[in-house]
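Student: Annotations for this protein, taken from TrEMBL, read as follows:
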type    : residues                                        : note
DOMAIN  : A:60-165                                        : domain 'THUMP'
BINDING : A:183, A:184, A:208, A:209, A:265, A:287, A:296 : ATP binding site
């Protein structure tokens, strides 16, 4: 089917009174960013819809990108036809033949903004309905809850037909909720947490701790590759890598084994909070899930959370592992996440960390460290890269290999 | 060798230069063991997984449905014995045909020695099984049906779709198709019949190096490994992966399946040119037909009174290389098992020879073959029975 435009309906933002203009502007920008690979498109934002004129670009490919833009309720590919009933009939038949299976039910729903057109709304409904009854006798007309609604819009310049309404990614346009830092490890949970934060319109920057030589380049590249999977929702994402070797070695040498992990987490959180302060982040997002591991009991959260007053958003806190995995598979991060590279959370992991660390003891053990010096040196070694969805970190020989195959 | 006419492509094919380039480059630049932790191993693994993905895409399958083997024989052995071991608690009855490749037949025979029961389905005079026979043969304890897609000796395409349809009613039975002779011969639609659980392929039959092959194993099906060890291939086929050959095979498969329809039509035209010429002669018996139920690349016929090996050798001075019915049995001097199953008389079966084509043969080669054939045929008149 040669679709000529895609009509995008806004989500929740329709209800947000005076911020509306800003929200639409942001969504328009995000859609434009998501579709930058299609230069021939014309994107026109309107009060309650966005019209994307395809101008010959492939509707399927465009819709695949739209599916990852938050703030979209639904979208419909539509066909533009000249205002001539013979042309309308032909296009209706092509559209129905291609998209509607034998025996399905439908109804015709005409809207007319051009009131000078020869047929009025009811006449259009009847005319097209009659035509379809003749041409597709297998289909059933049904007014209530039909399988398909054939929408016919008579506008000034042309008539538009569509019969599919595809559910969008919902949520809020990314960027409308401000910026937060995501603590991205490389495991299954943190990318899922990032996905949910993006869905609520939060613009994210990744904070990743790495500890060479205890962690390999592969582990760092894996975290970057995971970022490419979230990038389509955000346009691009800043990836902040924080060297953590000295801190880990120092903690290992200074802090009793049971409190290693708790103190280490506090330092991670302190660094993330410091980065948020530097970079205008309003919150911290992480992939903690209550009780999943020793550092994620409520007692541990109390002992760790102690170092900052920034809101810590834990989108997957109350989800079961199986639910988290399901989402990870849907957003295509799971296969990457399970690749077996040591990350800095697993090295030096004591055999039996405290599941109920004591806050006072934690503070005491941490006070033995030169927290400020350690943090300063880590922050001085920070490296920031901008990551796009098309970047490739894991398979850097892919071009060469493609040639060989 | 430059003007050699090689018409024995069902025995093996010549590896393509570009395929060997890949073999060499991967051997040099990506030689790491894919299981090694370090970056060199990682690069080896990248090649391996890219090759797997490419083959999966070409086969319209998922990467984790493709397993690499060393050859077609290994694939056949693995699926059959692997099923026999895996499904032993459910039954010990297997069904195959009388015209399978020895890699299947002899594997079945070995299982019979171990207490399994095997039904060998007969074929008609043209070389085809009757799906109804299969239906009759299925028992409560049947665990595997193994039917080849294209017979290697006469080119008969077995009714895979009809078999698949019958097996719809028996979802627990493993359905294996030996597709060694079928790949690149216009059968992809049948091979990807959703009821098929296992497919066996061999690399050297499509211009990849020797020592390569792969099987397709449908998601959700399980067979026991034959090679246990370091856990490669998802713990089902241990042994360090032959990365250079696997990459070369992935490339050969891509080249093979590019413009497959045209290549099939091309081979059909060559086969028809030879068929039309030799079938007119009174003492020639054709075992392959031009009908659509025969593969496009195999033409088997006999000259009454002349032994197959004599015909093969008679073509050699012309620098033309054909085969008695199957290279695997040709040196043993035994008559073809497929022709025997077709109830072809021994005296004529021993006279059978096979011409087998690839996509690089030409019509000019067919004409040269026909000319040589005429000379050879005239020379043999004394040996032929008088009417």
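A Cβ is built for glycine as well, from the same backbone N, Cα and C atoms used for every other residue.
Caution: TrEMBL annotation is automatic and unverified by curators.
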Student: Let me check the 10 A CB neighbour count of residue A:209 (ATP binding site). How many other CB atoms are there?
Tutor: 28
Student: If you count the other Cβ atoms within 10 Å of each Cβ, which of the binding-site residues A:183, A:184 comes out on top?
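Tutor: Ranked by Cβ atoms within 10 Å, first place goes to A:184.
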Student: For residue A:265 (ATP binding site), what is the tally of other C-beta atoms lying within 10 angstroms of its C-beta?
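Tutor: Step by step: centre on the Cβ of residue A:265 (ATP binding site), count other Cβ atoms within 10 Å, giving 24.
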Student: Based on DSSP, name the secondary structure state of residue A:287 (ATP binding site): helix, strand or coil.
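Tutor: The three-state answer is coil.
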Student: Going by DSSP, give the three-state secondary structure for residue A:265 (ATP binding site).
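Tutor: Going by the DSSP assignment, residue A:265 (ATP binding site) falls within a helical segment, counted as helix.
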Student: Could you give the maximum C-alpha to C-alpha distance in Å for the residues A:183, A:184, A:208, A:209, A:265, A:287, A:296 that bind ATP per the record?
Tutor: 18
Student: Can you tell which of the binding-site residues (A:208, A:287, A:296) has the fewest other C-beta atoms within 10 angstroms of its C-beta?
Tutor: A:296
Student: Please average pLDDT over the domain 'THUMP' (A:60-165) for the predicted structure.
Tutor: 92
Student: In which DSSP state, out of helix, strand and coil, do we find residue A:184 (ATP binding site)?
Tutor: coil
